[in-house]
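Annotated features in TrEMBL:
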type     : residues : note
REGION   : 1-115    : region 'Disordered'
COMPBIAS : 1-16     : compositional bias 'Low complexity'
COMPBIAS : 35-83    : compositional bias 'Polar residues'
COMPBIAS : 84-109   : compositional bias 'Low complexity'
DOMAIN   : 153-221  : domain 'CTLH'
REPEAT   : 341-375  : repeat 'WD'
REPEAT   : 387-418  : repeat 'WD'
REPEAT   : 599-631  : repeat 'WD'
Amino acid sequence: TLASASSSSDSDTGGASPPPRKKHRASAAEGAGDSSMQANGAGQGQESPELSCLNSAQNGESSSAGGTHSNGLLSSTDNGNSVGTSNGASAGPGSGTSAASTASGSEVGSLKKKKRLSQAEEDVIRLIGQHLHGLGLNQTVDLLMQESGCRLEHSSATKFRNHVMEGEWDKVGLGLPWLHNSMHFDRQGIGDLPGDLLSRMKFLLLQQKYLEYLEDGKVLEALQVLRGELTPLKYNTDRIHVLSGYLMCSHAEDLKAKAEWEGKGTASRCRLLDKLQTYLPPSVMLPPRRLQTLLRQAVELQRDRCLYHNTKLDSSLDSVSLLLDHVCSRKQFPCYTQQILTEHCNEVWFCKFSNDGTKLATGSKDTTVIIWQVDPESHQLKLLRTLEGHAYGVSYLAWSPDDTYLIACGPDDCSELWLWNVQTGELRTKMSQSHEDSLTSVAWNPDGKRFVTGGQRGQFYQCDLDGNLLDSWEGVRVQCLWCLGDGRAVLASDTHQRIRGYNFEDLTDRNIVQEDHPIMSFTVSKNGRLALLNVATQGVHLWDLQDRVLVRKYQGVTQGFYTIHSCFGGHNEDFIASGSEDHKVYIWHRRGELPIAELTGHTRTVNCVSWNPAIPGLMASASDDGTVRVWGPAPFLDSQEAEALNENCSNMDS
């Protein structure tokens, strides 16, 4: 329409361009001719696999004398004035011609005002189109692509997708050569060779074809695919051997179970397409659900950057609002004193939640261990039972992996340890190898049948639940112990300001961490990768045990030569908490050196902090003031109480 209107206007009015007029009309005719050829599909064989917005000619629009932009918008050589009119007046006979000429000029002028789309804008349009297509709004997608001049994906990719979803495997094979050329164009010099990628794609397609034949009971056809198509690929021969074994399946359900396959239909073919799309460049076929993936990544990034985020990450976008940035209030964080436990009558040296988070054990200088029950609803703690008879006091506690047993150790001059059955309150074992021993630390083997113990006088033992000595390591002055998840290696900090790994099976040891000052205590993350050290006069240090490097030094805490126990905590162990000699509890985000919260309330040194492993918003601290404080989120407060809370929980963004 535009081409004919422009030509009519040009011939009737004499054109807006300067002489020679004949040359101008010839140029316009050539442009129209080229446009009609493109609109009729000519030259498709020369089409580049690189996808972007289409030329307007590909949408059925013809170009003007000035040519077209790559996004299909008309270009101009007349400073933005529409071609085909002369100051709005007609130069030829008839008012109808003048009206057509004016209409043509206004339409061309409006098109010229369209902004050429950038690559980012084209990508956004394609992402929106893919998402709308997934919602079934296909007419909306067609209108969006038509108006923007973009294309969701290459027509050959669309055919390829449809053939896969319909199970038309022979037609799928015909489309692979074009996809191979597209991969070569986009991935040249990046990673795998295109031929290898093509083999992977063929293998996945033929595997689906083979399995569907087997499900339909077409054993001969399946055998032909296996011998005549899969085997000649010479790709993943181990998998081909596995596939050949499926020929012996007696029925379809047996095949699905052994192959761990959903069966013939939409589900398995969609999964196949998702795998195939990982080998295709996005210019040819967008990765599946790309917009949802980007939005999910944005939400996760905001959560990761949130200093106080302490809840389980929900991968579904339905649980969040995309209209607001994610932010957590510090009032949702465990920096409010929820409960003060005063049953101990002397300094409380240690506290530790059970592995399932249902109980808290506290050890004191008053010779007792108290077991507290955690209410699953209110998160209030109540006294469950008291374990007595630890003459030297209790300075360290360790829960067995299944929380059935609890081992209690004393201070430096204590040569005994107690192994209690928590469920019955009975003492199972009271172990002492020698009155000259000092058993001040203990760690459970992951199997729950053995434990290691030691002290600063050079004892380092491995024992069973009855206290029988299984192995020993002479001359190691142990300060703190930890058993790694493999069940073989034991980490021990010693008086040489280091942490070494000891293997009781082959009696080998190696240095892992070396500090410049005494290591008073340490703990290890659940995955065994990170170690948290309380270092005398230095504070809290984070080490990477695998790379054997110091990751971070946390600031603020006062650490002298008292034994203070810090901990990992919160959801995904994103936080670190430690007591301090300045009577405070400090909390850091694992990635930041400055504390995000300083908790006040204790009146003497805070010896130990334990974070509940099952309830991320619950934490306990033990102090020389004889109390155990239980910390949780702030309740619903009025404005005055909220101000008081803010004073007690001073926060600093790192």
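Every residue gets a Cβ built from N, Cα and C, even glycine.
Predicted automatically and left uncurated, TrEMBL annotations should be read as such.
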Model confidence over the repeat 'WD' (387-418), averaged pLDDT: 93
Residues of the repeat 'WD' (341-375) by DSSP state, where helix covers H, G and I: 0 helix, 19 strand, 16 coil
Composition by DSSP (helix, strand, coil) of residues within the repeat 'WD' (599-631): 0 helix, 16 strand, 17 coil
Intrachain neighbours beyond the repeat 'WD' (599-631), with Cβ under 8 angstroms and 6 or more residues off its ends: 310-311, 332-342, 344-353, 355-358, 360, 362, 364, 374, 379, 381, 562-571, 575, 577-581, 583-587, 648-649
Residue counts (helix, strand, coil, in that order) that DSSP gives for the repeat 'WD' (387-418): 0 helix, 12 strand, 20 coil
